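For reference, the structure is listed below as structure tokens.
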């Protein structure tokens, strides 16, 4: 097993662990195993299919590769701090970005540590005391956040020296406090869910908590820049409002604003107090609730595997969507997988939520803030309804994820089932995905757009929907063909290359461009609908026919 250098650093403070009654040698062994497993686990940011290089990359640390990407993102954040603009504004935006990235990365790639109950179930039965197990868990989280923070904020910390040693020290302390706050917010949110729910319902709610937290931070990241009155880049004015106390990034911006000489106000002082007090209070709250959290974690073992004999209206409509029994069977099958598999939902739902939120954010971005009274009139005279195309960014993820399942070993059913052709399989599964992940969310967004833009936007929404179906089929055509739900999630996260992704983005740009041009002519819009409908029907009929010899195992 690989020896990690960070463990040698921990050896220097082993006496501290021993002083608190921790078996350091056992803790070190546990950490070594956990860090090894972290390296083998694919980060969310990597979706390339590397299964053919499995032996070559066996010892390759995927976590460190992800850190390189995070460091690249951190580089842009660091560059942002170079500019001499209003510190209250600049640091509020910066801390919004940091909180967004730390929280979303932590949720997507590291929640399994907080929710892991295997330590208690496996290690504690081998004579390891709870102090050592808990110390290993806390140290593991600390090491992860240390790596992540260095990657995201390392360049920014170096740039902060430009404003003096005092600025640097306050900045460093605030980054640490933000890390603590993000970890504890995540843990307390899970505790709240664990308190009231059990089994599979609990696991579903945890997924929704993850999605909700991600959306909240994303919206905050969009709202923060709009709290300020712009004059020009060199002269940005900040006007204090009492409700700014509800915005956490502004708490952390206030001390740096004061130390930069931008003046001291009662509101800024209160923000400074909140920046330091809230994380500290959250630590004590978490420590007090830790025993309850550990007890409630055991609920994750209480899986209710009873099959509920519900035939909902949502499934009955497959008679409308599917023309034959095989399609109908795989439509029902795909809906069942999408509804029940936790890992599948964890991969799909965050992107789906962003797909719903992004068009609204782009819509809000285009609002003329100088004419608040005429917001709706201004929007209805604009072409901002084209922001609906932001929803299409979810399509590649959906198509790719349809090949994965927690129960991938059940794929033998494809071999023994009396299926005449595979096209019925793909049609049924894709129709299930369109119904659940495209049609239903799209109807929600469409209702908002009709309310904002009026009935005249309906034709444009129809065009966009037909374009989405076309993009979905084209995505399926250019990807390697794999039977639905027949692959393990962590074996190959994605078969889509960078070149394919650029091609997809280019397709969206072309679609938006054509839509923009034909939007000037009403008759052209209806002709375009007919053309898209014919293309979709043709491709749907012929492009989903996949010979068995072309299927990849």
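From the backbone N, Cα and C atoms, a Cβ is placed for every residue, glycine too.
If you look up TrEMBL, you'll see 63-83, 89-115, 141-161, 167-193, 205-224, 266-287, 348-367, 387-404, 433-452, 458-477, 498-516, 522-540 marked as transmembrane segment.
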Could you pull out which residues elsewhere in the chain have a CB under 8 Å from any CB of the transmembrane segment (458-477), counting only those six or more residues past its ends?
385-386, 388-389, 391-392, 395-396, 398-399, 426, 430, 433-434, 438, 442, 446, 449-450, 504, 507-508, 511, 515, 519, 525-526, 528-529, 532-533, 535-536, 539-540, 543-544
Residues of the same chain, at least six outside the transmembrane segment (141-161), with any C-beta under 8 angstroms of its C-beta?
6, 31, 35, 38, 63, 67-68, 70-71, 73-75, 77-79, 81-82, 94, 98, 101-102, 105-106, 110, 113-114, 167-168, 171-172, 175-176, 179, 183
Proximity of the transmembrane segment (348-367) to the transmembrane segment (167-193), 3+ C-beta pairs under 8 angstroms:
no
